[in-house]
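K.L.:
Pasting the relevant annotations from Swiss-Prot:
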REGION    1-21  region 'Disordered'
BINDING   9, 23, 26, 32  [4Fe-4S] cluster 1 binding site
BINDING   63, 64, 65, 66, 67, 68, 69, 70  ATP binding site
BINDING   240, 243  [4Fe-4S] cluster 2 binding site
């Protein structure tokens, strides 16, 4: 018989399954450590039940840090919510050690409340809610120094103990790389019976140092059988606020995202500029999408392609 997982269970897919300190005393320890008797993670059933009313999940990924995944996640969410007022959207910040969404979404200082159905995510707009470990810290400057099993346990809690309600789309802001957080969230959310319910969008900048890592992330998705909606090239150009001329801050020496997408057979969803208004909005938590500008023009095309992929 399977017992409930311990608080910091590393998960059955982890190399630490049945071996970690959290496994000591767990009735499932022998089963998890035996490769011939692997069980499905007992926490997955809880996740499936909690997420049953979430229609679609979208991972925002990039192998490279600093390319703007969190910024792109917040911009996509804001624009999708504004252009689809009858749909409900959620954001889950699984960048455990570097949560940015509370600031980007203008929710710094908000707290999470407990209800009979679990944690209640923070409401951003009438049709947008957000959950982040940033809401659970005593100070925005507190450092989170956790090993993989504890981070995985936190992600499982976010997926199984948050009352997400009815969502048309949940966007997941991820950390760089293909680490424990990625493996954990994929193992919980991937549904073999409905593989199209979990998809991914890649974020890159034009230079090859970013594209190298994005290629690895694309291959990660292919190995995990996660459909890729497409690639967003962020910071593709800079438009001067005085003269209006555009210039390339990060030159695409190898052809940028367009060349990589053609090479790997992945759709290019569009490009976002390096925009001073984005920087100001990120720091203040304001909604940039309510104004007509070069960024919202680009977001219109990108978001329409994302929504079309789920229809």
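Even glycines carry a Cβ here, placed using N, Cα and C.
I would like each feature placed in context: is it buried or exposed, what are its neighbours, and how far apart are things?
P.N.:
According to DSSP, residue 26 ([4Fe-4S] cluster 1 binding site) is assigned to coil rather than to any helix or strand.
The 10 Å shell around the Cβ of residue 68 (ATP binding site) contains 22 further Cβ atoms across the protein chains shown.
Around residue 240 ([4Fe-4S] cluster 2 binding site), the same-chain residues at least 6 positions away in sequence with a Cβ under 8 Å from its Cβ are 246, 247.
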K.L.:
Given a separation of at least six residues and a C-beta threshold under 8 Å, show me what packs close to residue 70 (ATP binding site) in the same chain.
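P.N.:
Listed in sequence order: 93, 95, 100, 101, 104, 173.
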K.L.:
Which of 64, 69 (the binding-site residues) has the most other Cβ atoms within 10 Å?
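P.N.:
Neighbour-count leader: 69.
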K.L.:
Please name the residue among the binding-site residues 63, 65 whose C-beta has the most neighbouring C-beta atoms within 10 angstroms.
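P.N.:
That would be 63, with the most Cβ atoms nearby.
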K.L.:
What is the total of other Cβ atoms whose distance to the Cβ of residue 66 (ATP binding site) is within 10 Å?
P.N.:
10
K.L.:
If you draw a 10 Å sphere around the Cβ of residue 23 ([4Fe-4S] cluster 1 binding site), how many other Cβ atoms fall inside it, taking every protein chain shown into account?
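P.N.:
The answer is 21.
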K.L.:
May I ask which of the binding-site residues 23, 64, 67, 69 is closest to residue 243 ([4Fe-4S] cluster 2 binding site) if we compare their C-alpha atoms?
P.N.:
67
K.L.:
Across all chains shown, how many C-beta atoms besides its own are within 10 angstroms of the C-beta of residue 9 ([4Fe-4S] cluster 1 binding site)?
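P.N.:
So the number of other Cβ atoms within 10 Å of residue 9 ([4Fe-4S] cluster 1 binding site) is 25.
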